[in-house]
Amino acid sequence: MTVPSVILVFSGKRKSGKDFITDLLQDRIGKDKCAIMRLSAPLKKQYAIDHGLDYERLLDASDYKERFRGDMIKWGEDKRTADPGFFARIITSGPGSEKSVWMISDARRHTDVAYFLDNYPGKVMTVRVKADENIRVKRGWVFTPGVDDAESECGLDTGVNFDVVITNNGSGDASLDTSVGNLVQQVLGWLSRDLTAQQQM
């Protein structure tokens, strides 16, 4: 099993801007050191195969994905119920697993967080991305029954003491830049300590 220096496990509501934050962090930390891993990617790929859908279109923020979101959630829940670590094992053994920093961009359930905490003790930071509701609406969010009140959206609203909380109300927000900068420094600190420890072995 590959063991990175640090794993950032992200969660947040739809249209909170999780992908924006992880992309920003990867740019600042360096793509040579940092991989973004999406638990939903193997889910969407297998769902697309099973249902004869366009996998690439399920990955973007399109209306196409929204049409199938409800059924895809149910399908993914059934897979996770049978094996909570199913999707996590796929992404952590695939492309990017050789990098020093893993960013799990879309944790949605307590079992997602528990998988990384249990399998990589001392390596995990949990990060919650938030945005004001009016900002999410501007980004296209509309409350959808069966989606926004499902475990996939609400599972981590309680029960997790997040190590870092980032409010993402837009790129012009000075507090956002500060929060991202502080997290980058924490990650670089972990990398430096890990490198020093390896050199002393």
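Keep in mind that glycine also has a Cβ here, set from the backbone N, Cα and C atoms.
Going by TrEMBL, these are the annotated features:
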- Lys13, Arg14, Lys15, Ser16, Gly17, Lys18, Asp19, Arg139: ATP binding site (BINDING)
- Asn168: substrate binding site (BINDING)
Counting all other Cβ atoms within 10 Å across every protein chain shown, which of the binding-site residues Lys13, Arg14, Lys15, Lys18, Arg139 scores highest? Lys18
Largest C-alpha distance in Å for the ATP site residues Lys13, Arg14, Lys15, Ser16, Gly17, Lys18, Asp19, Arg139, as a whole number, is 13
Using the Cβ centroid of Lys13, Arg14, Lys15, Ser16, Gly17, Lys18, Asp19, Arg139 as the reference point for the ATP site, which residues of the same chain not in that list have Cβ within 8 Å? Gly12, Phe20, Val129, Ala131, Arg136, Trp141, Asn168
In whole Å, how far does the CA atom of Lys18 (ATP binding site) lie from that of Asn168 (substrate binding site)? 9
Between Ser16 (ATP binding site) and the residue listed as 'substrate binding site', how far is it from one CA atom to the other, in Å? 7
Spatial neighbours of Asn168 (substrate binding site) among the binding-site residues Lys13, Arg14, Asp19, Arg139, using Cα within 10 Å, are none
